Structure formats: structure tokens, C-alpha cells
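**Q** As annotated in TrEMBL:
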- B:ILE14, B:GLN15, B:GLY16, B:ARG29, B:SER80: substrate binding site (BINDING)
- B:CYS33, B:CYS37, B:CYS40: [4Fe-4S] cluster binding site (BINDING)
- B:TRP39, B:CYS40, B:ASP41, B:GLY82, B:SER126, B:PRO127, B:LYS128: S-adenosyl-L-methionine binding site (BINDING)
- B:SER42: Mg(2+) binding site (BINDING)
- B:20-238: domain 'Radical SAM core' (DOMAIN)
Number of protein chains: 2
Amino acid sequence: MNKFPVLEIFGPTIQGEGMVVGRKTMFVRTAGCDYSCSWCDSAFTWDGSAKDEIERLTAEDIFARLKEIGGNQFDHVTVSGGNPALLKKLHELIDLLHEAGIEVALETQGSRWQEWFTDIDDLTISPKPPSSKMLTDWGILDDIVARLREGDRLSHTSLKVVIFNDEDLAYAEKVHERYPNLPFYLQVGNDELEENQAPNLAQHLLDRYEWLINRVVESSKLNKVRVLPQVHALVWGNKRGV
Amino acid sequence: MNKFPVLEIFGPTIQGEGMVVGRKTMFVRTAGCDYSCSWCDSAFTWDGSAKDEIERLTAEDIFARLKEIGGNQFDHVTVSGGNPALLKKLHELIDLLHEAGIEVALETQGSRWQEWFTDIDDLTISPKPPSSKMLTDWGILDDIVARLREGDRLSHTSLKVVIFNDEDLAYAEKVHERYPNLPFYLQVGNDELEENQAPNLAQHLLDRYEWLINRVVESSKLNKVRVLPQVHALVWGNKRGV
Ligand code: SF4
Ligand code: SF4
């Protein structure tokens, strides 16, 4: 069996963002990313700072750990990263979870296709806006969306763009115009990753959220849209493992 | 054409709760309710305090008002109350909106069936827990869910229970066990309706949200569940018309 680089397994908690916001879930965080976003809130997954914490686990190891921690208090697992779409054989884990009646969510920036994308119950593709300093490969993104459409998976898929400024919002409009039939989520960017007082962060992020709502309300290009904060950041601030 | 009792038309803003939380939407608030929940956050719709503000509007009047206020910046309308399920001919409004390519969401406590329920795109049924001091008529609720199932509308329907205390949570478990196939949302109750400082309210509601998350995490009866705050209350506090 394949071994996957895993940095964290925790929960149950709630999904803090995107298409299944609020869903009771366990988290499996994989190591490694092909991007290096300027504002990455999980930089420890790829910048080497947590490399001693990476475990190499099989799908069965991961499943056993999930059951050990989560008992019978979950039926949903979120795989996050880093970019879990770097892992070719992740279907081994997805299949094992599905056999146990557990749903699987996964988030990736949309820089790589994997065949197992069509098995994910809640697939979030989150292309990165200009503030990240990354460049979107539109050809790859088009290809991913086309394959998901062919596989009749659009009802299991959403697009999410994190917004820090007006340039990001213009990028989001472009994404939404390009893929108008995909459920579209806008999320307030967290620009205070060093803030360690949860109440201060919450108030700041709620102010930013209000700003983003106002900008979306003004735009006739952003109608079929959902605008969300990261609710876990409102509750727990920048703490890891919750 | 029928005339509907309307108290507020406003937006665009975002839907603050439930199955389409974050969705850019307009609101139409109808007057009148067959309940009188102890903690009702819209008591002005039925307690007589705003009776001079009630307008009697046809579907066409409402649509004209929505366009006047929202321009081309929306494609989604939420009908709330009070209990809009008291209005027999609401299909007149729903049809008009659908003809214009506008989706319709509606929330009701599930005390009455209306034929037009099967036309609603995002139907939230929100039975009221013990803290409301209201009694659930399970026969009516069973009948509503059965009719929605027969009409193949379950993918357009969700259940939502507002939680103030442990007794409410036990009630929620009962609702979820009775209708396990319906998407199920738990929402933090707002027990500070008199607080007029939005930041104070936000911090209090986030504390209550954390409490609710912890209780749900512990329960193996509440797995396929989504737990949400009212994001509009976090941003705008108890202000009306946002
Ligand atoms: S794609 Fe995600 S994990 Fe990778 S650097 Fe960007 S924000 Fe971080
Ligand atoms: S059902 Fe809703 S509108 Fe009616 S009293 Fe209860 S909370 Fe208020």
C-alpha cells in the first residue's frame, strides 16, 4: 500500500469554510504544496518548518487513526493540505472511507488533475487570486472543470476564491464568468496570521467580511455567489488543530 | 391578484443562516405568524408593534419593488416572516420570480403545508425546540416531509433547529432521528436580542457557537449535521433591514 505524507489528523470539529461550512468532520492534513502563496495559512505544510512532524501513513493507518480519535462521532472526513492533489493514489483512502459510509471532502487549488477527483463528495477547487503572487494556469483549470462535467460531478464540486483586495475581486469575477455553472464561494482572506488573540482576530475578520459583502452587493457580475467568513477563525483564531 | 401582507423588502445582502448561508439575496418579510416563540427575533411581524408598517402588495408590486431596490444586482430572493406558509397564493410571487430567472428561498416552522412548497428552490423547515415554549405537531411535520419526498424535493429542502440549551439539543436529536435523510442544520440561538453593540453580541454569539460545536462533537447521534452561527448577527448585530 502507498504511504502518504501526513501532518495532522484531528477532530471531530466543524468545517470552517466553503461548500460544507459547519459540517461536522474530521481533518487529515497532507504535507507538500506546488504553490507558495504569500498569505498561506498552512505554510508549515510545505516550508520545511514542520518537516519533523510528517508521518508516512497508509490509507489503513489513517483510517485507524481517525477511528481512534473520532470514535463513532463522525461520518465525514476532510482532506486538506498543502495540496492533496499531489498524491496520485489517494483513492486508496477515499475508497476505504466510502466503504465505511464516510463522506469525503477535499480542497485543492486546481493546479493538477487526479482521476480520484470524481470520487470526492465535496470537492472545492480554490484558484489563487493575484494577492497570493501565484499565477493561475487556466488551461489546467479548464481541463479539470471539463473532466468533472463529463463525469457528471458538478453537483459535488464548488469553486472558492479567497479575497484580500479589489484586484482579487476582479479575478473572482473572471473566474465566475469563465465557469458560471459551478457553485461559487467568496471567502474573506485572513491577513492577520500573527494575531494570537481570537477576539481581536474575529472583530477584524468580521470588518473585512462586511467590506467583502458590500463589494459583492455592488457588483452585478457577482450575483449567483455565496460570501462566507472562515467560521473556525472567528471562534478559535489562528490556533492549529481545531 | 392576491395581496400579501409585507413588512420589509430589502437587499441585496447575504443570507445569514441555514442551507444557503452567505448567498447573495434580497429579502421579502411577510407579516403574521401562528406561533409566538419566546425568543422570536422577528416578533414585530406578529405582535402588533409594527402593524402600521404592513403594506398589502400583489406579487407584481413586490417584484417591482425588488427590481427598484436591487436593480440587476441579484438573482435570488428569500421570503421570510413571520410564517410565510400562512399565505395560500404565494405561488403567484414564486412563479413571477422564476420567470425572471430568480431563485426563491423560504423559511417556515413546518406548522402548515402549502402546495407551492414544491416550487421553492431552498426550503428551510425550522421546527421550534422546547425553549421556544411552542409544541411541535409531529403529524403535520411528517406529512410535510412525506409530500416533499413524493414530489422529489428533498434536495431542495433542509431542516434547521435553533439551539439555546441542552433540552433543545435533545429535541434536535429527535428531529434528526425522525428525518435522517434530510440535510440537517443546527443554529446558535440569539439570547441577547436587546444588545445593541454589534461587537459585544458577536463575541457572545461566538462563545455560544463554540459551546454548540462542542456539544455536537460529543454526540454520536449528531454526525450528519451542519452547525452554523447567524453570520448576519455577527456582522450587524440586532439591526433590522440588513
Ligand atoms: S495552495 Fe494552499 S497550501 Fe499551497 S501555498 Fe497556497 S494557500 Fe498554502
Ligand atoms: S415561528 Fe418564527 S416568526 Fe413565528 S414566532 Fe417563532 S421565531 Fe417568530
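Here the Cβ of each residue, glycine as well, is placed from N, Cα and C on the backbone.
Can you tell me where each of these features sits in this structure?
**A** Long-range Cβ contacts of B:GLN15 (substrate binding site) within its own chain (separation 6+, distance under 8 Å): B:VAL21, B:GLY22, B:ARG23, B:LYS24, B:THR25, B:HIS76, B:THR78, B:ALA105.
In this structure, B:CYS33 ([4Fe-4S] cluster binding site) belongs to neither helix nor strand by DSSP; it is coil. Summarising the environment of B:CYS33 ([4Fe-4S] cluster binding site), the number of other Cβ atoms within 10 Å of its Cβ, over all protein chains shown, is 22.
The secondary structure of B:GLY82 (S-adenosyl-L-methionine binding site), as reduced to three states from DSSP, is coil rather than helix or strand. Within 10 Å of the Cβ of B:GLY82 (S-adenosyl-L-methionine binding site) there are 25 other Cβ atoms, across all protein chains.
Less than 8 angstroms from the CB of B:SER42 (Mg(2+) binding site) sit B:ARG29, B:CYS33, B:SER80, B:GLY81, B:GLY82, each of them six or more residues away in the same chain.
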**Q** What is the nearest of the binding-site residues B:ILE14, B:CYS37, B:CYS40 to B:LYS128 (S-adenosyl-L-methionine binding site), using the Cα of each?
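**A** Going through B:ILE14, B:CYS37, B:CYS40 one by one, the closest to B:LYS128 (S-adenosyl-L-methionine binding site) is B:CYS37.
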**Q** Could you tell me which of the binding-site residues B:ILE14, B:CYS33, B:CYS40, B:SER80 sit with their CB under 8 A from some CB of chain A, listed in sequence order (or 'none')?
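**A** In terms of proximity to chain A, the binding-site residues that count are B:ILE14, given in sequence order.
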**Q** For B:GLY16 (substrate binding site), what is the tally of other C-beta atoms lying within 10 angstroms of its C-beta?
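**A** Its Cβ shell of radius 10 Å holds 22 other Cβ atoms.
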**Q** Can you list which of the binding-site residues B:ILE14, B:ARG29, B:CYS37, B:SER42, B:SER126, B:PRO127 have their Cβ under 6 Å from some atom of ligand 2?
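**A** The ones that qualify, in sequence order, are B:CYS37, B:SER42.
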**Q** Please report the DSSP secondary structure of B:ILE14 (substrate binding site), reduced to three states.
**A** strand
**Q** What three-state secondary structure does DSSP assign to B:SER126 (S-adenosyl-L-methionine binding site)?
**A** coil
